[in-house]
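Below is one structure, written out as structure tokens; the observations come after it.
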Amino acid sequence: MARYLLTRAWQSALTLLLSTIVVFVGVRALPGDPALALAGEDRSPEALEAIRRHYGLDQPLPVQFAQYVERVAQGDFGVSIRTGTPVSSMLTTALPVTVELSVLAIAIASLLGVGAGVLAAVRRGRPAEWFANALALIGLSVPHFWLGLLAILYLSVATGLFPASGFVPLLEDPVDNLHHIVLPAVILGTGLAAIIMRQTRSAMLDSLSSDYVRTAKAKGLRPRAVVTRHALRNSLIVVVTVVGLQLGGLISGAVVTEQIFGLPGFGKMTIDAVFQRDYPVIQAVVLLTATAYIVINFFVDLLYSVIDPRIRVTGNPA
Amino acid sequence: MTVLTVPMAETAVSVTRRTRVLRRLRRNPLAVVSFVVLALAAAVALLSPWLAPYSVDQTDFARTFAPPGTAGHLLGTDDLGRDVLSRIMLGARASLQVGLLAVATSLVVGVPLGLAAGYFRAWDAVISRFTDLLLAFPFLIMAVGLAAIRGASLGNAAVAIGIAQIPGVIRVVRSDTLRLKSLDFVAAAVVDGASDLWVLARHILPNATSVILVQATVAIPAAILGEAVLSFLGLGIQPPAPSLGTMLATAQQFAARAPWAAVLPGVVIMGLALAFNVFGDALRDALDPKGDRR
């Protein structure tokens with residue numbers, strides 16, 4: 001177990017270093033002088049000189065990289081070219097929105113996906129399975145941002161059940177907050193739900209035909225108990241695995257969903273930054289996403305080894 | 001002697017296997033329907049420059065936002081009075097282009113790396129770190145970065161999606177290579193003195209084609225959805241070039257005046273993705289040696 005943890009920690013640290021290098025090099029691949037890009041409107045020679053000195057652009061590359069890492073580690077992502085506010089304070093307001101949206105989406109997707117997956121496996125060959133399968137295929141194929149668009153047009157605007165856009169912070173008014181974020185979370189969760197459903201179904205089919213389930217049935221356990229006590233435990237692993245694997249898709253999906261519903265999160269900040277050529281923000285967004293991905297996946301692996309004892313022993317997912 | 005007969009046996013096996021797979025596909029109504037849909041879509045996409053009733057750029061400011069069913073414009077017109085049917089046809093063509101381009105990118109890079117990772121132990125760790133690195137940049141973030149560096153375009157969108165799909169290709173090719181490497185006919189070829197490159201090209205790659213094929217059929221719809229997202233956000237195909245994603249972005253802008261404009265482009269994207277996904281499922285089932293387990 002300790003060896004597995006150490007290996008994973010070392011691998012994550014290495015990936016983190018590599019992705020930082022990629023972002024660092026990527027910024028230097030921007031067209032033109034980085035000082036010009038960072039300067040924004042004020043392009044006087046003095047301002048450019050000050051920027052070069054502040055960012056160490058006159059130093060050799062390895063030195064620049066070390067300085068960059070040092071600044072980032074202290075939470076200094078520079079200053080937005082457009083608004084002049086520090087990128088770190090923009091992140092502090094934007095991130096909670098995205099985290100709430102994603103967590104809620106994962107929760108909804110897990111409930112729907114596991115439920116439909118178990119139903120499909122238990123009702124094998126019946127209309128319920130066919131229906132659940134069809135729904136999952138559609139969930140995989142539908143463009144979520146389009147669903148969001150239709151939901152706004154035909155649900156929010158037409159019926160007024162949900163607000164079409166806007167956001168209220170969770171701590172300010174939890175009920176109103178939920179009212180604003182539940183529809184985007186459902187939309188964001190559909191694709192994830194479809195993947196969880198398909199994985200749950202096939203994991204359930206495997207475990208329903210396994211020896212320990214046959215034993216449980218043979219000793220007279222009621223079918224419902226067999227499903228909930230034995231087979232369902234495995235679906236926890238499925239959910240954790242799928243969330244780990246689909247994290248990238250979830251982050252991408254959150255960006256689009258926020259854009260459609262006008263949620264002031266990380267995604268909206270990203271898209272605005274691209275169109276305003278706000279390079280310090282883009283750089284911070286890319287680096288932060290990579291870091292989040294690596295760190296979360298490390299914890300997913302830890303969780304994984306807690307849920308599935310086989311991994312603790314062999315060091316490999318079975 | 002064994003070395004001579006083994007490859008022949010392999011060939012014989014693959015021929016009967018191919019007919020069996022094709023037979024299974026023909027007997028699956030969903031596979032047939034999705035294949036027909038895809039063939040039609042491909043035909044329309046290829047011929048769209050000639051099939052489209054209007055030029056995609058032809059504006060008619062006297063007739064903007066004509067609803068579907070208007071005489072002369074079967075699916076209506078958009079905010080500039082351009083024919084929606086024509087734009088959907090060429091938009092679908094662009095979707096398929098990006099889908100194929102992205103998947104081609106991921107295969108060209110992913111297949112050799114997957115083969116190397118599975119075959120040479122020493123390379124495995126290095127390639128795994130490379131995979132981890134790629135995974136850390138979700139396709140949208142990759143597209144954001146590429147758009148910042150090189151500008152937004154169809155090509156850059158396809159490259160961003162393709163790069164993001166490389167890890168998936170490496171994973172399936174690597175695990176199939178590991179499986180094939182342990183089989184007798186590969187060992188026989190190695191004993192016979194075949195070089196690593198020969199074994200990979202002649203024995204492992206041909207036998208890994210089915211997993212690569214399945215991976216490609218699930219990657220294409222993902223790429224099509226990705227293109228729609230990027231174009232919708234303005235990071236993909238640039239107006240005035242027709243794209244289903246940008247059509248939806250316009251529809252959102254004018255939703256109050258023409259709510260129907262948000263429906264059709266989405267239905268076409270979903271139809272394309274659904275056909276690929278259904279066919280991919282059927283193909284995987286047909287290739288599954290365990291047979292009738294769905």
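Every residue gets a Cβ built from N, Cα and C, even glycine.
TrEMBL does not curate its annotations; it predicts them automatically.
Now, the feature entries from TrEMBL:
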type	residues	note
TRANSMEM	B:30-52	transmembrane segment
DOMAIN	B:92-280	domain 'ABC transmembrane type-1'
TRANSMEM	B:98-120	transmembrane segment
TRANSMEM	B:132-149	transmembrane segment
TRANSMEM	B:155-173	transmembrane segment
TRANSMEM	B:211-237	transmembrane segment
TRANSMEM	B:258-279	transmembrane segment
| request: Sort out the residues at least 6 away from either end of the transmembrane segment (B:98-120), same chain, that have Cβ-Cβ distances under 8 Å to it, and list them. | output: 127-128, 130, 154-155, 157-159, 161-163, 165-178, 181, 196, 199-200, 204-205, 208, 212, 216, 219-221, 223-224, 226-227, 236-237, 276
| request: Might you confirm whether the transmembrane segment (B:30-52) is in contact with the transmembrane segment (B:258-279), defined here as three or more C-beta pairs under 8 A between residues 6 or more apart in sequence? | output: yes
| field | Tertiary contacts of the transmembrane segment (B:132-149), as residues 6+ beyond its ends and Cβ separation under 8 Å | value | 156-157, 159-161, 163-167, 226, 229-230, 235-236
